[in-house]
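Annotation comment: TrEMBL describes A:118-152, A:229-259, A:260-294, A:365-395, A:396-430, A:497-531 as repeat 'PPR'. What TrEMBL lists as domain 'DYW' is A:712-804.
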Amino acid sequence: MKKAATKSINPCDIRAVANFYAAQLQLCCPHSPTSYPHARRVHAHMTTSGFKPRGHILNRLIDVYCKSSHLVLAHQLFDKIPQPDIVARTTMLAAYSASRKPDMALEIFNTTPLRIRDTVFYNAMITTHCHNDDGHAAIELFRGMRREGFPPDNFTFTSVLSASALVADRETHCQQLHCAVVKSGTGLVTSVVNALLSVYVKCASSPLVSSSSLMGVARKLFDEMPVRDELTWTTIITGYVRNGDLDTARQVFEGMEEKLVFAWNAMISGYVHNGFVSEALEMFRRMNLLGIKLDEFTYTSILSACASAGLFLFGKQVHAYILRMEDKLSWDFSLSVDNALITLYWKCGKVDEARMIFNNMPVRDLVSWNAILSMYVSAGRMNEARSFFIEMPERNLLTWTVIISGMAQNGLGEEGLKLFNQMKLEGLKPCDYAFAGAISSCAVLAALEHGRQLHAQLVRLGFDSSLSAGNALITMYARCGVVEAAHCLFLTMPFMDSVSWNAMIAALGQHGHGAQALELFEQMLEEEILPDRITFLTILSACSHAGLVNRGRSYFDAMYRLYGIRPDEDHYARLIDLLCRAGKFSEAEDVIQRLPFEPGVQIWEALLGGCRIHGNVDLGVQSAERLLELRPQHDGTYILLSNMYADVGRWDDMAKVRKLMRDRGVKKEPGCSWVEVENKVHVFLVDDTAHPEVQAVYNYLEELGIKMRELGYVPDNKYALHDVGSDKKQHGLSTHSEKLAVVFGLLKLPRGATVRVFKNLRICGDCHNAFKFMSKVVERDIVVRDGKRFHHFRNGECSCGNYW
DNA sequence: GTAGGGTTAG
């Protein structure tokens, strides 16, 4: 039947029919929603009428199918062509490139004979490599096409220049390509110079080169351009913005005769990213006054400005304005703006509102999901974060990074490391941020060997200059007890920020090197690194650990006066801790009286801790009572209070506290200590009998005890008595977990190696005393990290100076 | 038939 139909059309008519079909397909605009159904109808008509499309009609049909995302259909058609021409091949290849299927594009490329290839075809393949972030492949292909004698054109140069921006040695490639551009005669084509500008600008913002000279090259190109388009302006403006030179960016911007929305957006986002929120808002107001039509980029940038500056009310006004004109906006618009709105709400602490926006979004993308995940993580709502993560329809590197570092931040190191491994199993290559999350997990677990291995991997992968990983490593080494390694790393880091300084100051403070910590802080100020609220938390702790009361007090005063940072509850708590440890109770009470807020858990904990050290029972009882009201289920308060009564022999009161604890069903967190030996973590509990080699430990402990007593060690049974729930106390036989772990380390670790032990709770007084003697007897360093700080025992002394 | 900039998630 079909044959009959074909036969009935004579050659003249076939040409007329072909023209008809071509005209019909011409009606299909590339991205209109009606183009695909129309093309299908035309296609069906051809099939039923027996017309066999060839040449440009076929190519056009393939093109429409590709552009309307019907790649399978397009490819079926393509496969039916006996010898597809270069136009059909380029169309198919570019379609695969645009839909991020580089393997399919490469297959078409490789099966296309050299003799029919042309420059356009190579250009399309170079672009495919760019979209696949494979700069080297793109550059290699560019070289190949020149070897084969295909002349590069302006399209070739724009693509290969953007490829060179992707590679590490981009500056070299860029300069070579610049020469090739000049030789090819495309050196005055606007699009080519734009691409050149773009690479120079990117090279300049790389931290490894001196930016000023490269921005100079870019500026010269810009000044000498015969024709500039809007892209030119945006590129040069963002160039200055990325290099932090907002004044020059502004000058260039003001020099534009007709300021297009692109350029406004570049300025606004530049101000936002560099922290100049009021300038960004000023730009926004000016745009409104001039009646410039705002687009989704303007709104997202301005919402992000509000989010980072905490300008909730202004942001809400923008939100209301957007809602009023919502019906005029497209879906795509609403997606990115909704994402920015989520960020606005959660950064301003409105977690549930942010979740509502997410729930009501008609379309969501990964950015939306990742934003909510980050929100739960930073709010410490890890159960919600965990289930949200599982629910996610897709994940990318960022998703994994957020959840891994979130686990670490919330003390869930084991889960963090598990997720890091799972991520690798799923075939994702961790970036430096993901490594930072895994390293922080090691810091939480005090898993030194594991952390060292991650450090080694990091160096092998070339991430050793990474800021985030470096900062995480400082903290990891410090928290694993190797403060020297942390310091060494800090001194050799190629780039640093305030986080790096904070981490190192905190490391020195935790290890009892208070004076050094303060020295480093002064150096930080000299280098004009602005301290933040975390910096002050760490120096107040450092002062507290080292007993530097006066300096701590004066830093506290300087915080707001000199740096405009209002002290929060945690700053006040550290101040009170500092004062109480030094026995200055009336001053501490005075501070509490004049607090600008209701004292919370942290304040009373600090006070109680100080009272315990100095045996100030009355004040201690008062603060414990407040704590028991605020947090009745927390075990720590009961333990501290009962220990305090025991210290002064008030056994009845002690018994009452224990009864109260039992009545309320509060369980004491069992004390445990652990030590890493040959990459394996050995955990000990009080009076441990479970560890397979525990008998050897008890034997060696006895042996050491004899030598220690010869040097003057007197066991203090008072502390053993305090162990709630331990029935061996009357005999004074109880052996704390930290003693077992230290002795196991002494037995198992190589001769002379430092023993590093970690304990979940605070170290006990008798153990502290015992380790001093032990370090002298065995002539080895012993490091113990307890819940609060580090103790370095060496030659009979502890780094804390008994001040803890 | 092929190219290039600005946004939102760490």
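Placed from the backbone N, Cα and C atoms, the Cβ positions cover glycine too.
In terms of DSSP helix, strand and coil, the repeat 'PPR' (A:497-531) has 26 helix, 0 strand, 9 coil.
Sequence-distant neighbours of the repeat 'PPR' (A:260-294) (same chain, 6+ residues past either end, Cβ-Cβ under 8 Å): 230-231, 233-234, 237-238, 240-242, 244, 246, 249-250, 253, 301-302, 304-305, 308-309, 311, 314. Note on the repeat 'PPR' (A:497-531): residues 467, 470-471, 474-475, 477-479, 483, 486-487, 490, 538-539, 541-543, 545-548, 551, 563, 565, 789-792, 799-801 of its chain, located 6 or more positions outside it, place their CB under 8 angstroms from a CB of the stretch. Here the repeat 'PPR' (A:229-259) is broken down by DSSP into helix, strand and coil counts: 22 helix, 0 strand, 9 coil.
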